[in-house]
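Written out below as structure tokens is the structure these notes cover.
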């Protein structure tokens, strides 16, 4: 009997030792894999950072060759992580690390197909809006000549939407851009969707888990559905006002005074939100606002960065690292692209963050820089984390939005002496708020529809042949918008922003940053004990606010998404539009009063336009 007892004990000890050795092997792997991951992505970002648009073929070939070798190593990390049997791992953090590392390959798992097809296709989708392939209105039928007079949607046609009062011109550009690009958009979209599905299959992952890997274990769509329901009453009020104003301006183009808004006119409302010809001009003149661009007069691109960094320093953040300033910060030269529409680029997948910023200076760039610097600090605050916890659920964008809301507040601008010569009256504050509301409240449902469409594609519930019909149904149901003319079922009429970084779930990031940005802002203002209305709160110089932001940043993805955001929001609350609605409370009250006094109907009739 004793013999069998001893034998059982020996066997149990051997099992424990085997399990312990297996876990030790797994721990060694995740440690080494994390270091490899950072090293490989540092090489990728260095290659990207050093590249220019004017490189010769040999340089480009060498960069692609290097990128392929790096990509293969990242694929190996994913494969090695999946070889471990997670059921034999008792340590929950180690199981999580192996799970995260199994996603490392991403689209690189496609091998040469990624570089020979997917990457080229993604670049082609991005260029849909920037290729100068649209003949100007009134210049006759479309003839591709390569003439410089041809226009790109962004920025050329966008500028026309800002300034033109000719609805026929707006309709021409809306229709012509889609006619020119619909076939290529469909083909390239199919290639990208197939690539995402193929990559998920190769990694043995459900496609939705692969695409939404930042939000695993969270029903993110359900939370976005809830936000849309919360926003609906306010959206209906704003939509009714917008439609009423457009009926006054473009009565002959509105097919039904109580129907959906034609999309080309809806787009102009967004384009003109911060212009002197917006739909609110007769109530809140643009010239009654301060000249925002004058507030940054005399600044250069580097000054904008330094000023934005001052905000973070006031919250107790350490200065940006000397090595970053000297070696990994670069001003985009005119030869690198058109600075008139320059976009800054940040590489923050590792602690060794890099940034390319624009020379162009205006108030919008100044505010955007506050968001960019927030991303730099986010990477710095989590630099001690391993690669598998370095992700931040996209919260860097929401933090940036919260900082921008504070930095752009009238109170902050006057505190900093930037607008000391201007007095923000109650009407001026409403003027500013109304323009912000148009941009925010009208855009959120569009992001939501893009996300819904993408999800249906990925779930194989939707084919390209049925996409246009679903798109316009969702646009009618959620946005109250219709096409300016009957459409074909076999084309796709998505806005060009649908295609922007679609492989990285960009539309979800936009939706989340808008909603969470206001949630974070409200929570931080409460922490700062601001007595002002939420729309004029600022927390510049508040170390307590800085402490809680840094605390959340330093967590990376070590905890589930809800746990991380609760550091700022103080509760494991889901997404909510409550803070956004509180911010725009004065505008909402004004809209309700105006619509009631003018007997303006909310909601909309069924569209008269057909998808054939």
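Keep in mind that glycine also has a Cβ here, set from the backbone N, Cα and C atoms.
As the structure is a computational prediction, the values presented were derived from the model and not from experiment.
Listed in TrEMBL for this protein:
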type	residues	note
SIGNAL	1-18	signal peptide
BINDING	215	chloride binding site
DISULFID	342-358	disulfide bond
DISULFID	525-537	disulfide bond
Within 10 angstroms of the C-beta of residue 525 (disulfide bond), what count of other C-beta atoms is obtained when all protein chains are considered? 26
Looking at the recorded positions listed here (215, 342, 358), whose Cα lies nearest to that of residue 525 (disulfide bond)? 215
Tally every other Cβ atom lying within 10 Å of the Cβ atom of residue 537 (disulfide bond). 21
List nothing but the one residue from 342, 358 whose Cβ has the fewest other Cβ atoms within 10 Å; the candidates are the disulfide-bonded residues. 342
Any same-chain residues 6+ apart from residue 215 (chloride binding site) with CB under 8 Å of its CB? Would you list them in sequence order, or say none? 393, 508, 561
